[in-house]
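Over in Swiss-Prot, the protein carries these features:
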type    : residues        : note
BINDING : 10, 45, 66, 121 : S-adenosyl-L-methionine binding site
């Protein structure tokens with residue numbers, strides 16, 4: 001994850017990856033984790049996602065981490081929330097408001113406590129292959145024993161399109177989360193009318209995974 005790349009995306013408001021509403025995958029498949037209200041939730045590379053609101057309605061503690069300070073400030077400003085802000089270092093800030101705890105800074109160094117549940121819709125696929133193993137090592141360290149992950153990935157021929165978002169095929173998911181129980185909940189194949197297929201991709205699929213420690 002090149003910091004400058006994502007900082008520029010937010011600074012210029014080129015955020016096509018941001019959804020204006022709750023992701024339907026979250027609402028459809030979160031129950032597969034058998035979540036409980038008192039279980040803590042971690043959302044890596046959270047942006048200013050509406051998914052955070054949906055999760056906070058169902059859990060007492062939702063923690064996120066986001067590289068872009070612009071995104072974190074926008075999350076609270078757009079909801080008219082006034083968070084408590086703590087400067088942890090020259091490059092890391094902590095924003096807290098009710099159920100929300102969001103770190104503004106580097107995912108790899110933010111002091112995030114292990115959570116019961118993790119939701120990764122757009123984090124793993126945002127990273128190039130050479131960064132994904134380290135990312136998952138850190139992610140696994142932030143999951144409690146008995147914890148569960150809801151993971152969303154994409155599968156396409158990486159030679160046909162430059163990411164992000166990047167393709168993370170099934171064999172890589174299996175390798176990254178080796179030793180954990182991995183269940184594919186959905187594979188949604190794009191049809192001929194899908195924008196990615198119209199742009200020339202030979203295949204494009206979105207996959208949803210339940211990963212249990």
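Just so you know, glycine gets a Cβ as well, placed from its N, Cα and C.
Just so it is clear, the model here is predicted, and its values are computed rather than measured.
Where Swiss-Prot records a feature, it is marked here on the structure.
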residue : record                               : DSSP (3 states)
45      : S-adenosyl-L-methionine binding site : coil
66      : S-adenosyl-L-methionine binding site : strand
121     : S-adenosyl-L-methionine binding site : coil
*Near the Cβ of residue 121 (S-adenosyl-L-methionine binding site), how many other Cβ atoms are there if near means within 10 Å?*
24
*Which is it, of 45, 66: the one of these binding-site residues whose Cβ has the most other Cβ atoms within 10 Å?*
66
